[in-house]
Amino acid sequence: MATTSDCCINNTKKPGSTTTTAHLADQDWIVTNTNTNLNKQLEQQQQKKASAMATFITPVESIPEPSSTNPPGLQIMMRAQSTHPLDPLSATEISVAVATVRAAGATPEVRDGMRFIEVVLLEPDKHVVALADAYFFPPFQPSLLPKTKGGAVIPSKLPPRRARLVVYNKKCNETSIWIVELTEVHAATRGGHHRGNVISSQIVPDVQPPMDAVEYAECEAVVKDFPPFREAMKKRGIEDMDLVMVDPWCVGYYSDSDAPSRRLAKPLIFCRTDSDCPMENGYARPVEGIYLVVDMQNMVVLEFEDRKLVPLPPIDPLRNYTSGETRGGVDRSDVKPLQIIQPEGPSFRVHGHFVEWQKWNFRIGFTPKEGLIIYSVAYTDGSRGRRPVAHRLSFVEMVVPYGDPNEPHYRKNAFDAGEDGLGKNAHSLKIGCDCLGYIKYFDAHFTNFTGGVETTENCVCLHEEDHGMLWKHQDWRTGLSEVRRSRRLTVSFVCTIANYEYGFFWHFYQDGTIEAEVKLTGILSLGALQPGESRKYGTTIAPGLYAPVHQHFFVARMDMAVDSKPGETFNQVVEVNVKVEEPGKNNVHNNAFYAEEELLTSELDAMRDCSPLTARHWIVRNTRTVNRTGQLTGYKLVPGSNCLPLAGSEAKFLRRATFLKHNLWVTPYAPGEMYPGGEFPNQNPRVGEGLSTWVKQNRSLEETNIVL
């Protein structure tokens, strides 16, 4: 049974309602009669295919490593399973993993001190994913596995899934990483004991993991209760602490006093004017001149100074952002309704986290740090079948350095993925639907600080969009005209990090284009001005208020697989620059230009920057596959608007963000090389951890598994 709202369509489940497949029952999904029949036909075809293959089945019990010495004959156990190896951890799996780690604590004190930063899927080897897609999950694609002499040996079941946990011990200020094998997880839902098995645990020295919302709330309460702080606010005319907003910011790393031996925050202070208006923009009244350092482990104020009494910005009639509020103006009333309807339902199909649309197919994942992940991207190309494009796409870090040298703004350089978590701060679109049309939502499950499971419902939005004109031509001789409209499939989520909102969008187009887009909205992080004052390093936006200049860097990690099956390493990267031909016999009219290609052969050669003057772009090519004109197939990376850090080479934030010194880095795939500034950038004292260290190996990039 489907219900509609102004901006989206949701599914309200009632007795007797139909879902696409049994294992989708816990997700919001809309099924029309047409789609239901189509899915039944697909299931029947898959069952027939499985039945036909069953005559060749000889099960084995374990996953073999890729090998060319497999025994002869095709030995297959085709069996649809409920949880794909790349599916995000379910709420039950997270509970099992947490209970397993907690039970493994050496003493009651250790167990009591455990705080759970993140619990995520430990992603399996790529050959396990290929095996699952080939024989265990529809649409069953055996062509994904490379051919071997004698045929493949296929196990009767996939290996157990594993969870990776980052645990912070509040009692001893210690961070550890645990690997837990998940078996019989459904026992937990029946009231049984956990069925996890600890595979490994390792203490990670000299790091601080990301901060948690619980810590932020505790920090705000501690600061508000600190008598010297209350006295400082009283000097500024503020006695009602309910009006005060305390935003804890990670301290970064500027000196030894910021070392990770202590878990620290330096809060920024803001103040609303009206306790009866919860939607008032408190960020419009920054409180400057107060300096604080908070010990986040023990929740005590370590340092406090009231350095300078700066008047609060005046109350502004535009401060409220609730629709219909009096804000010195009126809401627009002359916009007529615009309805987006799809009377026959969507053109995409979803099976669990597997999506198919207009020859595209991929899987959706989600983590607390990165947010949305796109796995196993491929394009079905007629007789050539399923052609892989990328194994994994995501945004792995974002850095926001501020360019005002004044206190407190010079120390504002947030690593919003590594210090906070993009996914963990994602919105539930049930609260505010940001998509239009016929929508499929995906929930996201996280652990909270104490190990409980929290679910962000309707966290990821999947929908189609009309995108204007794709192609058009009119013949002036005949007067005939042809036009094709563009349709795109969009997968997105939105998160809030303190004052800013970030919308992350992956668009898939009918012409084979994949586009990554980030939209910034929300509220600026502002500074206060003395009467008559202006700032060189910012823009005055209201009386007594300015916005410091700053940059936002979003780092996308793209594990490519252009026309490459798992295990194949046939990709390379070519840089293309447009060159003007030198005057001479080849350019007698001085109008000639051409595209010049350069193969990037090693990591140190592949630290590259954008060059709009030469229309620079890069192509990831397959060295063994050609197109219909006989040229090597490839995918072109086209940079959008971009620049490098607007900071001196000795800027403190660049110690932790050396990866910002180039627009593009190319490495061969290696397990563990995931985050460009290292997994734990919070208070990181090590210079150049991550990308700039990995590339010193100067590994070959000729015929390998390319990561951009």
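Every residue, even glycine, has its Cβ placed from backbone N, Cα and C.
In TrEMBL, annotation is done automatically, which means it is predicted and not curated.
As recorded in TrEMBL, the features of this protein are as follows:
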{"type": "ACT_SITE", "residues": "Asp416", "note": "active site, proton acceptor"}
{"type": "ACT_SITE", "residues": "Tyr500", "note": "active site, schiff-base intermediate with substrate"}
{"type": "DOMAIN", "residues": "84-169", "note": "domain 'Copper amine oxidase N2-terminal'"}
{"type": "DOMAIN", "residues": "209-312", "note": "domain 'Copper amine oxidase N3-terminal'"}
{"type": "DOMAIN", "residues": "338-708", "note": "domain 'Copper amine oxidase catalytic'"}
{"type": "MOD_RES", "residues": "Tyr500", "note": "2',4',5'-topaquinone"}
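The residue listed as 'active site, proton acceptor' sits 10 Å from Tyr500 (active site, schiff-base intermediate with substrate), taking the C-alpha atoms as the reference points.
Look at the Cβ of each of the active-site residues Asp416, Tyr500 and count the other Cβ atoms within 10 Å; the largest number goes with Asp416. Across the domain 'Copper amine oxidase N2-terminal' (84-169), DSSP assigns 32 helix, 18 strand, 36 coil.
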